[in-house]
Amino acid sequence: MSHPLILIMAGGTGGHIMPGLAVADVMKSRGWSVAWLGNPEKMEGHLVPARGYPLSAVNFAGVRGKGLLTKLKAPFQLLSAMFQVWGHFTRMKPSVVLGMGGYVALPGGLVSWLKGVPLVVHEQNAVAGMTNTVLAKFAQCLLAGFPISLPEARVVGNPVRADLLKLEPPTQRYAKRSGALNVLVLGGSLGATALNRIMPQAVGLITEQDRPVITHQSGAQHITAMSEQYAQAGVDALCLPFIDDMANALATADLVICRAGAMTVAEVAAAGVAALFVPFPHAVDDHQTANAVYLTEQGGAWLIQQKDLTALWLSQWLQARTRAELAEVAAQAQRYAQPDSANRIADICEQVCKVTS
């Protein structure tokens with residue numbers, strides 16, 4: 001007897017791909033076959049096969065911010081992509097399709113509607129992207145990571161890596177610590193230039209006896225310059241190109257300074273760690289600010305816009321923080337985590353199949 005198959009559509013960024021992989025793992029554990037629709041030349045082309053899931057290729061890219069000629073070609077490129085996807089659907093015969101965002105999900109979502117295959121759409125950000133906004137009109141079920149992204153969606157949170165869910169509660173972790181605060185700076189895989197520039201200056205303004213201990217993930221291309229900037233500021237900081245064990249990094253931090261992508265916010269909440277969010281100012285529809293506001297309005301984090309972030313402000317802000325205060329904020333953040341998100345999404349995918357079968 002063949003296993004039912006779920007086709008997951010997600011691509012372009014880790015913020016779409018990683019939660020999709022979390023759901024894929026759950027569905028696989030329940031006896032489902034899992035296939036993936038994506039662009040082999042994008043990030044999913046590496047991450048998905050590395051996890052053991054087959055990737056069916058579709059060549060389609062977004063047009064936002066592109067020139068007039070690209071936009072004029074877009075309808076024809078969409079039709080071409082839909083023909084590619086139609087062949088994949090005919091061959092695989094999926095029982096349900098899960099769209100996790102990214103432009104690559106658009107042709108797949110439209111084909112699922114044309115073929116009558118149940119479509120579930122999950123929006124990670126607090127402001128819905130263009131693809132999910134379109135597919136919402138064709139989906140049997142809309143899901144959201146935040147309460148404000150799609151008005152008709154069920155809020156199920158964003159799936160996070162399983163090791164984050166096994167950490168000690170923040171009250172226990174923080175209570176075991178003493179001495180200087182441990183600050184983790186996350187610049188993302190490519191590095192956040194503003195954070196990389198300001199952090200050494202800010203910490204350098206703090207007297208040595210009052211300085212926090214800094215671990216700074218700067219991105220591979222910035223690592224040499226980053227180390228030099230801290231050295232010039234007279235600061236002994238641990239600079240890393242990337243972090244393999246993010247769960248441990250978050251578990252040992254008193255404070256995280258980072259961007260506010262949907263998955264970053266979800267992981268901060270799941271781990272139960274205090275955070276200062278500096279949203280990427282050029283994010284589409286300023287969705288990172290909306291993501292951060294979800295936690296900051298609940299007292300589970302702080303938020304400052306990049307244009308307001310200066311070395312002087314940050315140095316003074318850091319000196320005003322205490323471990324007791326950070327522990328309270330971390331505990332509040334975890335109250336708004338949704339650790340069962342991947343299982344809830346999997347449940348809904350199975351329910352949609354039963355309703356439409």
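From the backbone N, Cα and C atoms, a Cβ is placed for every residue, glycine too.
Annotated features, as they stand in TrEMBL:
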- Thr13, Gly14, Gly15, Asn125, Arg161, Ser189, Ile243, Gln288: UDP-N-acetyl-alpha-D-glucosamine binding site (BINDING)
- 6-141: domain 'Glycosyltransferase family 28 N-terminal' (DOMAIN)
- 183-341: domain 'Glycosyl transferase family 28 C-terminal' (DOMAIN)
Gly15 (UDP-N-acetyl-alpha-D-glucosamine binding site): tally of other CB atoms within 10 A of its CB: 22
Mean of pLDDT values spanning the domain 'Glycosyl transferase family 28 C-terminal' (183-341): 93
Lowest local Cβ density (other Cβ within 10 Å) among binding-site residues: Ile243, Gln288: Ile243
Among Thr13, Asn125, the most crowded of the binding-site residues [Cβ within 10 Å]: Asn125
Sparsest-packed among the binding-site residues, when each Cβ's other Cβ atoms within 10 Å are tallied, from Gly14, Arg161: Gly14
